[in-house]
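Structure, as structure tokens:
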Amino acid sequence: MGGGVLKQQFVLHAPFLPCGDQPEAIRRLSQGITDGVPAQVLLGTTGSGKTFTMANVIANVNVPTLVLAHNKTLAAQLYQEFKAFFPENAVEYFISYYDYYQPEAYIARSDTYIEKSLLINDEIDKLRLSATRSILERRDTLIVSSISCIYGIGSPDNYSSMALTLEVGKEYPRSQLSSQLVRMHYQASSTPQRSAFRERGSVIDIFLAYESDLAVRLEFMNDTLISIEYVDPLTMIPSHTTSSITLYPGSHYVTPEAVREQAIRTIREELEQRMLFFEGRPVEQERLFQRTTHDIEMIKEIGFCKGIENYSRHFTGAAPGEPPTCLLDYFPDDFLLIIDESHQTLPQLRAMYRGDQSRKQSLVEYGFRLPSAFDNRPLTYEEARRYFHRVIYVSATPGDLEIQESRGHIIEQIIRPTGIPDPLPEIRPAKGQIDDLLEEIRQRLRKDQEKILVISVTKKLAEDIAAFLAELGIAATYLHSGIETAERTQILTDLRLGNIDVLIGVNLLREGIDLPEVSLVAILDADKEGFLRSSASLIQFCGRAARNIHGKVICYADRITPSMDHMLKETERRRKIQLDYNQQHKITPQPIIKPILANPITKEAGQEETRLKMQSSKELEASIKTYEEAMYQAAQEFQFDEAAKYRDLMNAAKKQLLFQKGEEENGD
């Protein structure tokens with residue numbers, strides 16, 4: 001496994017101290033880790049400050065930490081929160097880097113081959129490489145990850161062995177250095193771009209694969225390195241110097257030459273065996289031979305090929321069926337694993353492997369891939385559990401699995417620092433529920449900044465209710481899995497900004513949606529037993545109203561199901577704990593005030609485009625650089641809407657520059 005090098009301390013920055021039952025939860029969780037307890041549960045209600053508790057535990061135990069979330073939206077939210085808590089430490093983000101992904105597949109019944117199609121998000125690729133660099137270099141690393149952490153990536157041994165350490169005063173033949181950078185997946189380029197380098201006289205500028213704020217400038221006298229400077233990648237203005245530097249590869253799939261040669265030999269051996277298997281099936285034989293030999297030639301020439309991950313077992317030296325190397329292998333043995341919303345995340349861990357294997361079966365069976373492609377896969381749940389040496393399951397509604405594995409090490413965190421108790425749900429008849437809901441919505445629309453969440457049982461019903469309310473002049477929309485991640489984030493922002501008053505959803509409104517403006521949660525057809533109306537789901541839905549002092553929950557049902565009964569009893573129990581605490585400490589519930597990050601250029605966009613038309617060519621070039629820098633900065637902070645506007649301004653400046661240059665040429 002990978003190991004940390006630098007031994008910095010986690011330094012927690014927080015404008016407040018632990019309160020309520022946070023101090024006891026922090027103490028018990030920290031002590032459990034120190035005592036070697038393998039699994040613990042933090043059972044924390046919505047709004048009780050679970051993330052703050054996690055941050056305190058991380059600071060106390062001071063070991064590399066992986067926080068696992070079940071979707072990208074929650075991972076981004078946790079990443080931002082931990083970045084604020086640990087500004088001095090390496091807080092990283094590791095999710096799937098695909099903006100679009102159509103996996104390779106073959107449908108035998110229609111003889112249809114679907115080639116893999118994808119669009120990689122450059123910014124997320126950078127963040128992934130930054131994450132692995134940090135965990136190999138320093139112990140004060142906290143990585144927030146989606147389920148991507150169990151998918152195969154290159155070996156940490158190969159990755160770290162391809163890192164290049166340079167020291168001032170030593171000799172590095174320039175041609176050899178350039179060749180080494182190419183082998184590390186940096187490309188020679190005359191323009192500044194990530195994972196690239198350029199040579200100008202005695203200087204080599206390297207634009208790092210894992211860093212957008214800094215580039216590296218190497219200055220030579222003949223072949224002797226006389227200076228290493230960090231510079232701004234846009235302006236090339238020096239920031240600071242260093243006497244040595246370690247440069248990490250531009251891809252997780254880099255391999256030393258000896259490993260690559262061995263991999264080519266074993267790929268050829270597997271191909272020969274498969275040719276014998278397909279004896280009498282010339283179509284499959286030819287198909288597999290052509291593809292595999294082409295891939296081998298590409299690996300020989302440039303060390304890479306399209307779909308190289310399907311040969312990953314050959315590069316790691318693993319036996320057939322052995323677990324792939326993944327992000328978890330980059331961590332040292334003593335790392336802490338925190339699984340957020342564990343009741344959702346653990347079932348996801350179980351499901352990933354089965355779906356992957358069923359898709360690849362036909363690819364291998366019909367000669368599109370070698371059988372080793374099966375080993376380019378996510379971990380099975382049993383394989384993933386081998387890394388659970390120190391795990392904290394975090395959930396308001398932990399499942400039976402977490403309860404069982406924790407063996408009684410369950411720490412409750414029920415009390416909210418705000419003093420807001422769980423709203424006690426009202427049960428109303430399902431008959432006429434839409435008319436009753438409409439009246440409740442109208443009551444809240446008369447008040448300022450109170451929003452409504454409506455939980456339906458199907459996507460179609462969510463869309464129909466949104467359309468019905470919109471026809472009545474109510475600002476309503478729906479949210480479900482058919483909507484892209486970026487658009488979901490924008491919808492939630494619009495709700496907080498007041499552009500939307502009513503949001504109708506199915507399942508996405510359960511965990512992690514932090515909306516203090518929501519004063520009413522209406523659960524339609526609450527008596528329809530099933531996954532979306534289980535006691536855990538109902539408790540999670542009710543928690544969405546527990547951030548507002550006027551919070552109210554209405555369950556529309558004609559009967560009280562066992563799940564509803566459990567939800568009502570558990571809500572009453574938690575409510576009593578909070579009210580008793582409030583009375584004992586003379587606490588008056590206070591509303592949560594959570595700032596909304598406004599877009600600083602929304603009102604000025606039109607003025608900016610007008611100003612561009614008045615600029616000279618030189619000024620436009622400067623504006624393009626400024627907008628590009630602002631775009632990447634906004635993307636780093638996960639303000640994607642803001643980043644898109646800077647992108648549009650950058651493109652407008654580029655068009656204006658082309659127009660002006662055309663006019664200048666015509667004028668000449």
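Including glycine, each Cβ sits where the backbone N, Cα and C put it.
Annotated range for motif 'Beta-hairpin' in Swiss-Prot, selecting from 73-96, 97-120, 193-216: 97-120. For the motif 'Beta-hairpin' (97-120), the mean pLDDT of the prediction comes to 60. Close to the recorded ATP site, the chain also has T53, A396, Q413, R416: residues not among G44, T45, T46, G47, S48, G49, K50, T51 whose Cβ is within 8 Å of the site's Cβ mean position. In sequence order, P18, G20, Q22, Q413, R416, P417 are the residues of the chain that are 6 or more apart from G49 (ATP binding site) and have a CB within less than 8 Å of its CB.
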